[in-house]
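Engineer: I am attaching a structure below and will ask some questions about it afterwards.
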Amino acid sequence: MTLTACEVTAAEAPFDRVSKTIPHPLSWGAALWSVVSVRWATVALLLFLAGLVAQLNGAPEAMWWTLYLACYLAGGWGSAWAGAQALRNKALDVDLLMIAAAVGAVAIGQIFDGALLIVIFATSGALDDIATRHTAESVKGLLDLAPDQAVVVQGDGSERVVAASELVVGDRVVVRPGDRIPADGAVLSGASDVDQRSITGESMPVAKARGDEVFAGTVNGSGVLHLVVTRDPSQTVVARIVELVADASATKAKTQLFIEKIEQRYSLGMVAATLALIVIPLMFGADLRPVLLRAMTFMIVASPCAVVLATMPPLLSAIANAGRHGVLVKSAVVVERLADTSIVALDKTGTLTRGIPRLASVAPLDPNVVDARRLLQLAAAAEQSSEHPLGRAIVAEARRRGIAIPPAKDFRAVPGCGVHALVGNDFVEIASPQSYRGAPLAELAPLLSAGATAAIVLLDGVAIGVLGLTDQLRPDAVESVAAMAALTAAPPVLLTGDNGRAAWRVARNAGITDVRAALLPEQKVEVVRNLQAGGHQVLLVGDGVNDAPAMAAARAAVAMGAGADLTLQTADGVTIRDELHTIPTIIGLARQARRVVTVNLAIAATFIAVLVLWDLFGQLPLPLGVVGHEGSTVLVALNGMRLLTNRSWRAAASAAR
């Protein structure tokens, strides 16, 4: 069909309207100025420059001393307060050490050097705050995208506008072209393209139709969508992103904990060394001023400021970057564990495959007792509350065939075994071949030999039929598996509860040579533990309830975004985009973060060692010591902030190909 100019304009109008309604972030300059430490650091810098100009132009000494002292107050009051609070808690931190060094510089008449120290120290602190703020704001800004109101469709078909926060699971809402989606849900009717870059990082709108999942805060395109709310507003993907970032910021990495453990001892040792540098030369008749100058220089250059900033900013930046691209990482500890991955263990259904299996065959054991239609009806009734992809496929096929699905009660899913429920007065079970304990069934052999997945339907404990289901490999599976193999010490291993034939069929197509099939959940745990006992750091990737125990046992675990709730809670990370190629990418990003941490620690240690040796065995000028020490701190902070950029994500994705 050819669109007229009017039709083209109408089709594009919603996206134009959305661009005006979505809140734009502050400009870079305004965002910087909103950080308190940036404002004080700027004031300190201006006062320092004013004092320097006055000093160089021969102004009265009282003038430039006053300006430098004002610089002390503007740039140093925050650090002085933090240091005092630490001292009250019987701790010694770098803030107090820097203030002590600056005061010492004033005491020996080196107010210029002390003011320079204050300015650079305040600047490095502001950079750290900017990194932390940007890490949080890059993700928390998503909350601003969630609309305040929603249009609920009531039982009589009328519409009512309510607050989005009042929506409950099961509510039906309508989203018109250009509107933002008010809650996580599923499409009941309608079709449209949804711009979900704010959640998944996808650059192009994604086609949505009946049954597809949508996220709160994403933007509807040119069609009208009728949705059912599937998550409470407090549990939407957007809300979980914010919660996970907050948790990640509060959870310190192992490297950071080690640094903090030795920081107190190091600081006390440094103070003792500074006192020794003062007392010992004076005992041998040295002049006070040069002794104090050397000691103050030592205190400045030996302070572990850059070491303290070396670890957490890069890790938190990596977490924020991953979150912007649809991967939620729950803590800095997880980033370190992902970087250590030496083997990836993959589930099959819903992870390596699309997770949208299709019911291929319905085989009643005795058509005179239960025909194919009744068999599928009972199976769908038992599975209608299931979260497993196989269960959803059975229900979907029954609906496609127009079969009325009766209500069921007392539903229970047994991981790795199947489900059972009471359908009317009938006790219906859907069992896997591995958990089935009845007489051998001839109907299983052709299904299993073809690589299909079989499900046995039992009525009151007696087998009445066999269902055959097939699944499709994810489009990016082959490339992703190859990338994982290239990144890790060992190629990926496939862990599945499915039969060996089905597992090997999928594995061969994906390029996997190590397959462990027909595993119950506890057997998956055993395989993971055996791999780790052999020296591997296992990353488990899965989506089903039966993957949760193995995820808990693995070194790290990532859940595919369409997975069951228990799996999402157990995993260390979640891929919202539900795309397998994000797994090698997040491993690559974690390794980038680890390299940045290593480089930062090397930079910090090198600067400290060189400057300390120069001061002890040479004549290190105090201004040069200040610039060298604080310059390394600024350099470390800026290096960590590199991981916030899209370029870092693209580099990780390229390395994973």
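Using N, Cα and C of the backbone, Cβ positions are placed for all residues, glycine too.
Quick paste of what Swiss-Prot says about this protein:
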TRANSMEM  40-60  transmembrane segment
TRANSMEM  62-82  transmembrane segment
TRANSMEM  101-121  transmembrane segment
TRANSMEM  268-288  transmembrane segment
TRANSMEM  299-319  transmembrane segment
ACT_SITE  D347  active site, 4-aspartylphosphate intermediate
BINDING   D543, D547  Mg(2+) binding site
TRANSMEM  596-618  transmembrane segment
Engineer: Which range wins on Cβ pairs under 8 Å with the transmembrane segment (299-319): 40-60, 62-82, 101-121, 596-618?
Structural biologist: 596-618
Engineer: Sequence-remote contacts (6 or more beyond its ends) of the transmembrane segment (40-60), Cβ cut-off under 8 Å?
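Structural biologist: 67-68, 70-71, 74-78, 112, 115-116, 118-119, 122-123, 125-126.
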Engineer: D543 (Mg(2+) binding site) to the residue listed as 'active site, 4-aspartylphosphate intermediate': how many Å between their Cα atoms?
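Structural biologist: That comes out at 8 Å between the alpha carbons.
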Engineer: Who are the chain neighbours of the transmembrane segment (62-82) in space, where the CB to CB distance is under 8 Å and they lie at least 6 residues beyond its ends?
Structural biologist: 37, 40-41, 43-45, 47-48, 50-52, 54-55, 93, 95-96, 98-99, 102, 106, 111-112, 114-115, 118-119, 121-122, 125
Engineer: For the recorded positions D347, D543, D547, which one has its C-beta crowded by the most other C-beta atoms within 10 angstroms?
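Structural biologist: Of the recorded positions D347, D543, D547, the most buried by Cβ count within 10 Å is D547.
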Engineer: In three-state terms from DSSP, label D547 (Mg(2+) binding site) for me.
Structural biologist: helix
